[in-house]
Amino acid sequence: RLQCSQIFLNYLVDYPMGSKRLDNHLQQIVLNMKYEYEEGRLSAIELLSSLIQKFPLPVLEEHAQLFFLPLVLSLVNDESKTCKEAVADCISLILKRLSTDTVQSLYGYVKRWSEPSGTESIPMQLASAQLFGIFVEARPDYVKRGRNSTDLADLIMEVISQHSSSTDDNGWELVYHYLVCMEKLNKYVPGAFGTNLDVWSSLVSLMAYPHPWIMQVSSRIVSGHLSAIDYKELARNGSDSLLAKVPGSLYDIARNSCRQLDVEDRLHVDATCTIAIKNITTAFKIMKLRPDLCYEPEATNENENEELNPKGKSKDPCLWLMARLSNIAKPRGKLRRESVFKCFAALCTSCSPADLVRYLQLMIDPIDRDVRDKAGKARRGDFEDNDPRDALPKEVLQILEDTCGTDNYVKAYAKVSKNARQKKDKRKQDIASEAIHDPVASAQRKVSRGKHEQERKKRRMDENRSSRGG
């Protein structure tokens, strides 16, 4: 197939032929992008990409619309991720080669498609959202001309603001593609969004959006904003960032990042958790520098819910953040615990020991709990020490000791062990007391424990049988 494509490409480029015959060949290539099988469609797209690179510019200009419109339809309708990516690359290639006037005419199509006109226009709105991102990446010089970047930024702000407070993931695709476009616009046209506080506040809200893709890309944009903050200006209260202009936004970023870590293992996404860890680490350092940025002025907090702004409960937002992370890692959940432990390790590598000593006990508690759980499983024969990730808790404990000093570490660990023993003794006393005062509940507890033990033994036997190939 590759050799045939190369021969046909050389024929189209080098062999003299009339315009009608050339048009027939090009239309056949375009039709092949609708081929039934993915490999055939991909071959047609690659051939078209090669043609776009090889054709003389006047010929390419003449056939620009013949290529562009079918490519847009493939971008919208093709179900193959590989083909979609190839189509996007092909569109980018043609935009890079075309003159500014031709690009302007194609950009006009995209702007018209972005206008909402009922439910039937949604597919074209999705196409325009993707195409805007391709235009920004392929022709930033054109996007910077006139009001192009301003108009595009206004459109992105409008879409994001409409969905920032949504509690379901309906219409997530449109928001996602515009967020990707916003990320590219920030990269190629710095300052396009300026200090528009509404759009940045909406981005912080989207960090808790139900759909994981939107959660990830919004967190990535916010992470870039945090990375660009000048700490010296922030300390002098001279920063134009969201954190300085909207008090309480730092708390919202930390809270939403914690929520991204606090998910079930089946919903865990490594990339999202990595960004969340980075955001939490940055938020912790800024909280140490400017704790006042976590509090909204002249506001009251009558609700004692843990998720609300910590003002009124503690003047140390870092204490709230570390307690939140500690509580996230306490329930069982391997990937959730791993994410929090990595966050503790990241804090140790990026913060000074003096900033962490106060919270050492909060960090050790969930790690020690995980170590005890694995030790209990090993005694029952449920745990095999053959996964390299199982060594993570002990490695993080060693990092904590190296960072905060052995004396501080030993004292904190002793307090954690003492509290664990006290809780265990109290639990035993409660069970013994229940057997006397409520024998029915005690009997039900024993039956439930017996069933759980039988299920554990059966599960262990099945695992051993499968490991032996039975």
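Each residue, glycine too, has its Cβ placed from N, Cα and C.
Nobody curates TrEMBL annotations by hand; they come from automatic prediction.
TrEMBL has this to say about the protein:
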REPEAT    68-106  repeat 'HEAT'
DOMAIN    199-463  domain 'U3 small nucleolar RNA-associated protein 20 C-terminal'
REGION    419-470  region 'Disordered'
COMPBIAS  427-437  compositional bias 'Basic and acidic residues'
COMPBIAS  450-470  compositional bias 'Basic and acidic residues'
Reported mean pLDDT - the domain 'U3 small nucleolar RNA-associated protein 20 C-terminal' (199-463): 83
Secondary structure content of the compositional bias 'Basic and acidic residues' (427-437), with strand meaning DSSP E or B: 11 helix, 0 strand, 0 coil
Summary of DSSP states over the repeat 'HEAT' (68-106), given as helix, strand and coil counts: 34 helix, 0 strand, 5 coil
